[in-house]
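For reference, the structure is listed below as structure tokens.
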Amino acid sequence: MSLLKRRAAYGALRASLAEGFAARLLGSGVNDARAFSAPAATYKPSDTVDVEIVRKKGIDLIHDPLFNKGTGFPVPERERLELRGLLPKKSLSMQAQADRFMEDYQLGKTYIDPKHVSDGGVTPDHVRRWKVLQELQDRNETLFYRLLLDNFVDMAPIVYTPTVGWACLNFHKLYRRPRGMYFDATDKGEMASMVWNWPANDVDAIVVTDGGRILGLGDLGLNGLGIPIGKLDLYVAAAGFNPGRILPVVLDVGTSNRVLKDDPLYLGLNQDRMSGPEYFEVMDELVKALMGRYPDAVLQFEDFNMEHATPLLDRYRHHHLCFNDDIQGTAATAVAGVYGALRVQGKSNKELAQQRIVLVGAGSAGMGVARMLALGMVKQGLTYEEATANFWILDADGLITVKREKQLSSTVEPFARKTQADVEGETLAATVKRVKPTVLIGLAGAGKLFTEEVLTTMGEHNERPIIMPMSNPTHRMECNAMEAQKATGGRTIFASGSPCNDVEYEGRTISSSQANNLYIFPGLALGAHLGATRVITDEMLMAAAEALGDCIPEEDLDKDIVYPRLKDIRYVSMIVAKRVMKMAYDMGHLHSFAAKKALEISDEELEAYVQEHMWEPVYKPLVNLPVGVQE
Ligand SMILES: NC(=O)c1ccc[n+]([C@@H]2O[C@H](COP(=O)([O-])OP(=O)(O)OC[C@H]3O[C@@H](n4cnc5c(N)ncnc54)[C@H](O)[C@@H]3O)[C@@H](O)[C@H]2O)c1
Ligand SMILES: O=C(O)C[C@H](O)C(=O)O
Ligand SMILES: [Mg+2]
């Protein structure tokens, strides 16, 4: 990318910051905002008009959601692209289309029978909105992403958790049009050629699941594809990945879910879930097929069960640019949240080392979080062994100690309690009473484990308890915000995996934050992609965590908010991407020449570089080139 172009992008960034500043001035009644208005038009050779090359015309174009503008095709474009007569004559602006959609989205009366909505926390209205949005995505992706970006706070819970959980449970009944790629165990030997059926020559990001553990809903087999789709929706909206260059993938290796297997409409393999060497063989073939065609793509592993999540990450992380979102993205998210909560308490990051942490759920997410928090404590001066002594980890069998008879996994083993006072299998309530933790984290996916007794005890021992029920979706969270605030007299610093409303308690409003890896994976992947980093290291993850924490404005900390506002998600992803790239550079992992150059010029230049590479959901003029004619 030329320096001229980058300068232009930086100019645009500065202009938009100035615009925001001007708006604040206007809001505060200061009239000098005019000083920021645009100067008289001058010729800028760098401000080129971005066009998009398309190889289709006529009805084929209208039926391609990546290029379709619906009634938004301008008249001259209709002439150029053989669309005349295929659409009502009147051309609407994108804004008019957006307004029309929002009316339907907000007020639509499509009836959904409540008995079809079995997932706690998801209402019939969520489901209606999910359907309306999905239909839009299937016909006009540019408008879909425009709306998702502009209404992120309202729409993220629809395309993502908790509603996406309902969509996965019902994927086989909802299936209408293909999205993403479907591989299964019977495709052995064919995958490397199958991957060439995907229409895009370039793919920047792939999210893959085997449906083994979808949110806290268990094994959903092929239905799990809804999760990579939802994650990649956020890649585009939150981090500006190009929707034409993303690929959601499911590998169907069977399912242990009897309800699905017995359902004649289920679309996956009707066989038990594979495991052992055979499983890894199939997975290896898929990874080689995907990386063979798209060697530069970032590969995100999503919602694998405990048996496979860590082994797969260890297997591929040194060979491909990949990460496991549940282990690593969640870990960085939790670290940022605890740092934020310490700042709310008026403390610094240094005091992470003094925290006593009880964590329920010793699975991939839980142990990723424990390890990263321990690494954070090491950064604050402890040895790793001293750090692990600050944790009490419980799983379905209670407190984990060295006396556990079952073999502990290598991720859990360093955290097994060693002292006499620690009773193997102790209940959560007893551990919390005895240990008096300052931080309580839930990643068990088992619902209401933070009982009134547990929460009350947290309140008894802490002036400001830090309570993070991080499981998803809503009805699998360990508690909700109201329960935590009621039991602790409104003193909890609260962050949950799925969104919770703020709580009205004794005449005041108490903030709830969302501790979800959505704050990390889009920016992390963007930084890795733009920096061509080839690997994602612990240092890069820690940089992402710290960057996330730094994005919380002071005035929000004063309101007990421990994550940035979701409306600022693009800014957050840009900062996370920048800091990931800077860390990669320091560690010798940044291989993009252009990114290196930007970084060596200045911090602002690097921000502009990231910004410039974020795809914007706007209608660009379409230029048709016949197949075979080079761009
Ligand atoms: N907020 C986020 O960003 C985020 C990210 C990743 C995962 N999660 C959520 O975390 C949960 C777990 O995910 P995972 O990948 O670690 O799952 P996993 O299957 O790998 O691990 C689950 C763990 O919970 C334990 N557990 C189950 N029932 C329990 C009970 N009744 N009491 C105590 N422990 C119990 C299991 O023994 C196991 O150790 C899911 O609900 C998932 O949605 C949230
Ligand atoms: O998908 C989410 O909402 C977060 C996380 O990846 C999970 O598995 O729960
Ligand atoms: Mg997940």
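Each position is counted from 1, following the chain as shown.
Backbone N, Cα and C define each Cβ position, glycine as well.
Lifted from TrEMBL, the feature list:
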DOMAIN    137-317  domain 'Malic enzyme N-terminal'
ACT_SITE  Y160  active site, proton donor
BINDING   R213, N472, N516  (S)-malate binding site
ACT_SITE  K231  active site, proton acceptor
BINDING   E302, D303, D326  divalent metal cation binding site
DOMAIN    327-585  domain 'Malic enzyme NAD-binding'
Notebook entry, point to check: Using a Cβ-Cβ cut-off under 8 angstroms and a sequence gap of six or more, which residues of the chain neighbour D326 (divalent metal cation binding site)?
Noted result: F301, E302, D303, F304, A309, S364, A365, G368, N517
Margin query: Near the residue listed as 'active site, proton donor' in space, meaning Cα within 10 angstroms, which of the recorded positions do we find among R213, K231, N516?
Written below: K231
Margin query: Among R213, K231, N472, N516, please name the recorded positions whose Cβ is nearer than 6 Å to ligand 3.
Written below: none
Item checked: Cα proximity to the residue listed as 'active site, proton acceptor', best match among binding-site residues R213, N472, N516 -> N516
Notebook entry, point to check: For the domain 'Malic enzyme N-terminal' (137-317), what is the mean per-residue pLDDT, to the nearest integer?
Noted result: 97
Item checked: Cβ neighbours within the same chain of N516 ((S)-malate binding site) - under 8 Å, at least six residues apart -> T161, T333, M470, N472, G497, S498
Checklist line | Number of other Cβ atoms within 10 Å of the Cβ of E302 (divalent metal cation binding site) across all protein chains | finding: 28
Next item on the list: Note down the number of other Cβ atoms within 10 Å of the Cβ of N472 ((S)-malate binding site), including every protein chain shown.
Entry: 26
Next item on the list: Select, from R213, K231, N472, N516, each of the recorded positions with a Cβ positioned under 6 A from at least one atom of ligand 2; if none does, say none.
Entry: N472, N516
